[in-house]
Amino acid sequence: MNSGRPETMENLPALYTIFQGEVAMVTDYGAFIKIPGCRKQGLVHRTHMSSCRVDKPSEIVDVGDKVWVKLIGREMKNDRIKVSLSMKVVNQGTGKDLDPNNVIIEQEERRRRSFQDYTGQKITLEAVLNTTCKKCGCKGHFAKDCFMQPGGTKYSLIPDEEEEKEEAKSAEFEKPDPTRNPSRKRKKEKKKKKHRDRKSSDSDSSDSESDTGKRARHTSKDSKAAKKKKKKKKHKKKHKE
């Protein structure tokens, strides 16, 4: 238990020391290891349990297991010491240091810091850009950073020229062209008229052809009937003679 006095690093092993400790507790994010010779426990984060990806620390270690660890970090936060340990840089069978020059540890620490800096900058910039000044009512800065004088002109963030060009292009592309629609309608109407004229001409020609055919048939029938009458008359004359 904490007696109320700030913790000290006097009884802790030196940085990059390798020792064997007992697993005191397993969580979703890592395992806490008892440090020999002191009451403090160190955390082995799941990213430092193995060189392979670890999703469940309980699949790697269990409470009471003895593991080899390397002390890779000590820091004081709110009068409490946080000790970081690593299992993957130590051979779990022999306790041999697999990263004697601490190259792996330094690379991961550098990567972690750059990631934290990037996310912090991104969040800060977005917060500032989306903030509306209470003093002038413009976006992009806080009231404490506002230089506007009472009755003076207001200044706000101006969008980039490229963004304006892209927006204008998209607007032009989306807007219908009034000059194109009438011409298209006229073309369609002309096509419809041509189609109708063709149909009417075809129907007229077919009607005329049918009429001429009927007339030809009628004349041929009349000529045949006249020939038959002539033959009958000739036959009657011969019979009288």
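Using N, Cα and C of the backbone, Cβ positions are placed for all residues, glycine too.
Taken from Swiss-Prot, the feature compositional bias 'Basic and acidic residues' applies to 166-178 (among others).
Annotated compositional bias 'Basic residues' per Swiss-Prot: 182-198 (among others), in sequence order.
Sequence annotations record features per position, and here Swiss-Prot assigns compositional bias 'Basic and acidic residues' to 211-225 (among others).
For 226-241 (among others), the entry in Swiss-Prot reads compositional bias 'Basic residues'.
Swiss-Prot lists Ser114 (among others) with the feature phosphoserine, giving a large-scale study or a structure entry as the kind of evidence. DSSP gives Ser114 (phosphoserine) a helix state. The Cβ of Ser114 (phosphoserine) has 10 neighbouring Cβ atoms from other residues within 10 Å, across all protein chains displayed.
If you look up Swiss-Prot, you'll see Ser183 (among others) marked as phosphoserine.
Taken from Swiss-Prot, the feature region 'Disordered' applies to 161-241.
Among the features that Swiss-Prot reports, zinc finger is placed at 131-148, with the record citing sequence analysis. Mean model confidence of the zinc finger (131-148) amounts to 68 (pLDDT, 0 to 100 scale).
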